[in-house]
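One structure is given here, and the rest of the page talks about it.
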Amino acid sequence: MTYPNIVDFDGPDDPTNPINWTPRYKWTMVAIISLMNLMVNLGTIIVAPAAPQILSDFHESSDLYSTILFSIWELGEILGPLNIAPLAELYGK
């Protein structure tokens, strides 16, 4: 019985094995992933300072619309990956 999702490496000296990566490369990967995480979280709150300007462009001043603006933004961040992940599995990553 074969398992198609098992990750296997070609021996203990395989350069694609993360254990064999240099410390500099490992820390580079940590920095890149950390910056990606920062950008996702920053994207969530970056609209906050612009909310009054966005509402004034639409001639609205209600706090309800400000709340809806943030709520729809968050719903997009929640529902987007839920819809994109199956497509990535279907068409490849």
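Keep in mind that glycine also has a Cβ here, set from the backbone N, Cα and C atoms.
Note that the structure is a prediction, hence the values are computed from the model and not measured.
Record features, source TrEMBL:
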TRANSMEM  27-48  transmembrane segment
DOMAIN    29-93  domain 'Major facilitator superfamily (MFS) profile'
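Helix, strand and coil counts under DSSP for the domain 'Major facilitator superfamily (MFS) profile' (29-93) come to 53 helix, 0 strand, 12 coil.
In the predicted structure, the domain 'Major facilitator superfamily (MFS) profile' (29-93) carries a mean pLDDT of 86.
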